[in-house]
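To keep things clear, I will list the structure first and then write my remarks on it.
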């Protein structure tokens with residue numbers, strides 16, 4: 001199997017939904033199904049923070065979400081945990097700068113999707129040189145979902161990466177809503193990653209569908 005083509009990766013990033021059980025008010029499996037019905041293009045399992053599942057419960061929950069993704073042919077990515085990604089035969093993994101080194105991750109994951117969070121041009125170049133398939137850039141806007149975020153980059157921060165020749169697929173992260181999603185694409189991102197704007201929406205289906213419309217218009 002060869003690594004994913006750039007054009008295909010770019011398409012998958014369009015509406016990238018990230019969720020764990022503690023990101024929902026409603027049943028997470030219901031939220032997930034609604035989001036898939038609404039047209040999300042990629043999913044990341046991120047079971048972290050207060051109230052998150054651990055141990056075997058976490059693994060079983062991941063398997064349930066993965067089964068839904070397979071049903072809809074939406075790739076299933078695991079946040080940070082390479083061992084879990086391998087155990088589940090996930091489609092890929094997303095790592096931050098504080099996680100296991102990108103070189104080691106690429107070696108372990110083979111040709112599967114590897115995404116890396118980058119906050120500087122140097123981090124971006126290092127990730128690309130060591131096998132990243134896409135970069136997560138952000139936070140673009142202020143966010144309350146993640147407690148350990150870096151300084152807000154803004155749309156100008158996103159543009160800066162493109163101006164400096166970073167040409168692999170990029171997904172914007174942080175504080176992205178239906179109202180500002182199109183501006184993230186215009187600033188140079190291939191897609192938007194979303195947690196609460198879908199997971200906490202009164203209708204995850206309607207929200208996901210609206211994001212698809214904003215990103216693809």
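Each Cβ is built from the backbone N, Cα and C atoms, and glycine gets one as well.
Annotated in Swiss-Prot:
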BINDING   44, 45, 46, 47, 48, 79, 117, 146  4-amino-2-methyl-5-(diphosphooxymethyl)pyrimidine binding site
BINDING   80, 99  Mg(2+) binding site
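Packing around residue 80 (Mg(2+) binding site) is summarised by its Cβ count: 20 other Cβ atoms lie within 10 angstroms of its Cβ, all protein chains included. A Cα-Cα distance of 10 Å separates residue 79 (4-amino-2-methyl-5-(diphosphooxymethyl)pyrimidine binding site) from residue 99 (Mg(2+) binding site). In this structure, the CA atom of residue 47 (4-amino-2-methyl-5-(diphosphooxymethyl)pyrimidine binding site) is 10 Å away from the CA atom of residue 80 (Mg(2+) binding site). Taking CA atoms as the reference points, residue 80 (Mg(2+) binding site) and residue 45 (4-amino-2-methyl-5-(diphosphooxymethyl)pyrimidine binding site) are 9 Å apart.
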